[in-house]
Amino acid sequence: MAAAHWETQLFTRIGRAVSRHPLAFVLIWAVVLGITGSLALTGWGGQNLFSRLTSSETNVPDTDSQHVADTVAEARGSSTTVTIVVTGVDVRTHRAQAGELVATLRDKLDVEHVASVTDAFSVLARVPGTDPALAQADPAAARAAAEATARAQASAQAMLAADGNGFTEVITLDAGLDAKQQSAAHEALDAALPGYLDGLHEQFPGAEAYQVSTRAIGDSIIDLVQKDLIRGESVGLPVALVLLVIVFGGLLAAGLPLVGALTSIGVGMGGLWLLTHVMGIDSFILNVISIIGLALSIDYGLLVVSRYREELAERLDADAAVAADRHRTHQLVRQCVARSIETAGRTVSFSALTIAFSIGGLLVMRSSILKTIALGGIIVTVIAVLSAVTLIPAIITLLGSHMVRPSVLARVPGLRGLVRAVGDASSDTGAFHKLAHRVIAHPWIIMVVVSAILALMASPIGTLRLRTAFTDYMPANSMIRTGYDTLQSQYPAMATPSITLIAEAPPERTGALVSQIEDLAHVTRVSPGALADKPGLTRIDVRVDASDQVGPEVSDMVRTLRGEDPGYRIWVGGAAASQIDFNHSLAQGAPWSALIIVVSVLVLLFLMTGSLIVPLKALLINSLSLVASLGVTAWLFEGGHLGLPQVNGLETFIVACMLAFGFGLAMDYEVFLLARIKEYWEAGHDNNEAVARGLQRSGRIITSAAAIIIAVFLGFVSGEMLAIKELGVALAIMVATDATLVRLLLVPSTMTVLGHWNWWAPRPLRKVYERFQLHH
């Protein structure tokens, strides 16, 4: 049996070590945080974390869309282009004037690492005039010259705005530039653009200029991630501190969970900086680390501090004279810290295991962005539980008698009642005990009503639309978004095509396919052409008249083209194709992800409770809670309710993250509640009383933690990035639903209905439990 209690011995040893050597643990954490935090912020003379991140893309390896993207990138060669989109210049009535002015300003953009600067005016300036003598002497040469002139004029026209109110400058960088040189070139262009624009203002005071390139779009997304991260934490942390002060009745106890949260985030970001040297890390992962790090650290810190205060209150009630003896107080603090780690430390560690497996389900997905998000989530989960089990108890031990003194807020007349109402309690009776008995008195009614409410909340899922659009990540109303949208709407020939096909055939063999595509509804332009350095391949760009380039019209056309058989192989790519491939990869990975989550949760909860019914019920109830929360999220965003932006569908990878993280957080609260209920069940109380007392002991922690976490999540909703808004709202709704309807009503009612069957397991499994059980 001793082997069965290995985890008990582990946490006993940790508790003893932390309570005896608290300063050593605090110093270790301070050193780790100092090193990792400075690495993330400064890179120690190299690139910091933000500079090493990539922008959010949802490409999936070994798919048609990724093959097209890779082929086009290879054919383009190592050179990069940057487009300057100029508006506010009337090129219809003042074309000559504009051309003369631009000719004097063009050199301002010819900065270091720039190979050429081309615009409509420079192209037209190189067009030779018509020579009548050549037409008579050499008609073939004349026709060739006329064709070249026509091509040049068409090329120039493509760089003039369709509404006549602007033009573009196409800047080609030197070939073979490394990342540092490309960065220097973009920075030089950023610095040169104001001077170029000032020159335009001399004759066109309303002119504006926007830099558009893949690099510029990526940089804008990373910059927005950084700003939203700061904004989210600056909103969420103060609100969290206020709520924690109310819960604990004082600043010292309230600050401990936030210390754990900031430590987890800081160390996690340093760990990510190290990972960027061996793999690409998406910028979106920073927000994931911040959101999950704050949520779990506050959850775990709240539970550990509450358990410590509970243990302390019980011992002070037994011997009130201890508080007056400094030496005995120090011993009492050490005992309570050790006991808190043995109990709450085991609970949060068990919770972290379930969350890590829930998030880890994303690792089986083929998409690299989901893999990196899962990796970041697991890293911050591990750091959060380590800080909760070692750092926070160590600080509590160092604070010593300061944590024993009565709270100042508890003595303030106006706040005394509030602190007592929502603060952590050490009594087995109270508001949540009374609520539990009301539920126990009418379990069937509660269960049916709550289930009906959850089903109603889930109903919008029937019309849920999923989308994956890289352009949705660009900040709304930003310079880069304005420039990109202008380029797409005013320069059809330069706009990103709706669909790109790669045909395994030379251009002369693709005529029938091109004609077939031109005959499809909504197609406005088909542009076939050979691929540089790719003999035997043809690129066919298709532009579709659709307001949403990943909407149903374009997506249906992608499926139609993929079903064609022109006699040679074709690959279909583009934004809509990427969306289809991403969604398909999720559908393929979902069963394996679900299997990992279901099996791990069943096994872990069984080893915790010894019951087969409790894990099955937890899976069913948590799934219902998640579906209900997703339904409300879809209704809010697709309808544009409560001031949220109206969208054509939720980001697919956000839905995947919400389900994984949401399930993990739901299991977090499930573990908190079950740990206390099982504790009373094993102490000899009947099922109903164990449920009532367990809810009383954990109810305040669950609801308080939920309120704080909701405030943190909604803090991130204040940012500009749509994906973060969707994730923040979805997780806030999920936590609110789970902490109220599910934990306070549905779980107690179902446990009342099941009675002693809650704790049933077949005899063979009981033997397994007795040997391998995890104590809580």
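Glycine residues also receive a Cβ, built from the backbone N, Cα and C atoms like all the rest.
TrEMBL has this to say about the protein:
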type	residues	note
TRANSMEM	23-44	transmembrane segment
DOMAIN	66-403	domain 'Membrane transport protein MMPL'
TRANSMEM	235-264	transmembrane segment
TRANSMEM	284-305	transmembrane segment
TRANSMEM	348-367	transmembrane segment
TRANSMEM	373-399	transmembrane segment
TRANSMEM	444-464	transmembrane segment
DOMAIN	552-764	domain 'Membrane transport protein MMPL'
TRANSMEM	589-607	transmembrane segment
TRANSMEM	619-637	transmembrane segment
TRANSMEM	649-669	transmembrane segment
TRANSMEM	701-721	transmembrane segment
When you look at the transmembrane segment (589-607) alongside the transmembrane segment (348-367), do they share 3+ Cβ pairs under 8 Å, ignoring any pair fewer than 6 residues apart in sequence? yes
Among 284-305, 373-399, 649-669, 701-721, stretch most in contact with the transmembrane segment (23-44) (C-beta, under 8 angstroms): 373-399
For the transmembrane segment (284-305), distant same-chain residues with Cβ under 8 A (at least six beyond the ends): 49-50, 53, 56, 225-226, 228-229, 232-233, 236-237, 240, 244, 247-248, 253, 256-261, 263-265, 268-269, 272, 340-341, 344-345, 347-348, 351-352, 355, 359, 369, 372-373, 375-377, 379-381, 383-385, 387-389, 392-393, 396, 424, 657, 661, 665, 668, 672, 701, 704-705, 708-709, 712-713, 716, 721, 723-724, 727-728, 731, 735
Mean per-residue pLDDT in the domain 'Membrane transport protein MMPL' (66-403) works out to 83
